[in-house]
Amino acid sequence: MKLEVNLKQNPYDIIIEKGALKGVGQWVKSLWEPQKIALITDNHVRGLYAEKVKLSLENEGFEVVVFDFLEGEASKNLKTVNKAYEFLIKNGMTRSDGIVALGGGVVGDLAGFVASTYMRGIHFVQVPTSLTAQVDSSIGGKTGVNTPFAKNIVGTFAQPDGVLIDPNVLKTLGKRELIEGMGEVVKYGLIDDPELWQLLDNIDGSVHSILENSETIIYRSCNVKRKIVVEDEFEGGVRMYLNFGHTIGHAVEQTAGYGKVMHGEAVAIGMVQISRVAEKKKLMPQGITRQIAEMCVKFGLPVDYEPWRVEELYTALTHDKKARGNSIKTVIVPEIGKAAINQIPLIEMKEYLEK
């Protein structure tokens with residue numbers, strides 16, 4: 001399966017194919033001339049796939065060096081970025097060389113940020129290995145790192161030269177790691193794809209059913225994001241729809257401590273809680289919050305967070321990129337498969353969260 005991200009300046013393809021990882025070297029060679037490549041990954045994925053990917057690249061004439069860091073959201077910071085810069089400099093990486101991001105969302109976000117800022121930008125590709133990365137973070141060109149004050153507050157827009165997705169690698173994920181990716185999948189069904197929502201409604205929510213339907217789930221999710229990114233690359237309008245659940249979700253991730261609540265879990269919590277707020281304000285139809293919550297629970301996703309530290313969440317919301325003065329732009333779902341943007345006063349958000 002192939003999806004074309006037809007951007008005006010940096011078009012690229014998303015390849016979705018079981019077993020595709022075996023041919024990663026040939027795929028990269030179809031994009032770049034043989035050169036030096038920095039393979040950026042985390043310590044967990046390195047043990048699973050890095051040597052296979054390195055060998056595949058070397059067999060196509062690339063010189064490969066490997067940089068890894070401790071897995072997890074807690075590593076997605078400027079300290080790790082500086083270590084990566086130092087590694088690239090010591091290994092003589094130039095602007096004619098490239099980066100292969102091999103891993104989940106943390107790896108992709110960090111490697112993309114490094115690629116877009118090292119020497120003012122070098123080429124990179126995404127080879128995502130988690131469901132969250134395959135359906136969401138590897139596509140669209142958003143890169144970034146966290147600070148103690150806010151998630152993804154430091155970042156760039158930088159498109160990869162390509163995305164290679166092998167659904168087979170999902171089999172090596174732990175149950176929690178696989179299920180958290182369904183938070184983003186549920187989001188796509190809600191904001192733009194009622195057929196995807198129907199598919200999710202029809203399957204039983206087990207790990208087996210997710211893996212059995214993985215190609216369709218990934219393809220439909222990627223297609224939603226592809227369409228939206230092509231229409232609005234730099235988040236001036238409809239791309240904000242992709243943030244459904246993320247406003248409160250990011251605040252939950254930050255206040256819990258990065259890594260304690262996984263990203264997809266936080267998105268599920270965020271979708272349910274913002275829907276609860278919007279339903280009370282009569283911005284969403286009665287009963288839709290229950291539908292969203294039931295879908296999330298079916299897949300084993302959380303819909304609430306305890307302890308619900310409202311003061312800390314409120315502070316995090318005021319630092320959100322979507323905050324404007326005393327209000328914050330939020331995404332709501334007036335009906336399944338349709339999204340809209342609404343401005344909610346921050347003080348109202350706090351009052352609703354307290355209830």
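Each Cβ is built from the backbone N, Cα and C atoms, and glycine gets one as well.
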Same Zn(2+) site per Swiss-Prot - residue from Glu184, Glu195, Glu312 joining His246, His263: Glu184
Pairwise Cα distance for Gly105 (NAD(+) binding site)/His263 (Zn(2+) binding site) [Å, integer]: 9
Around the Cβ of Glu73 (NAD(+) binding site), the count of other Cβ atoms that are within 10 Å: 20
Among Glu184, His246, His263, which are recorded as binding-site residues, the nearest neighbour of Glu73 (NAD(+) binding site) by Cα: His263
Candidate nearest Asp109 (NAD(+) binding site) in space, where candidates are the binding-site residues Glu184, His246, His263 and distance is Cα-Cα: His263
Between Lys151 (NAD(+) binding site) and His246 (Zn(2+) binding site): CA-CA distance (Å): 10
Around the Cβ of Asp109 (NAD(+) binding site), the count of other Cβ atoms that are within 10 Å: 24
Least surrounded among the binding-site residues, given as Ser75, Ser130, when other CB atoms within 10 Å are counted: Ser75
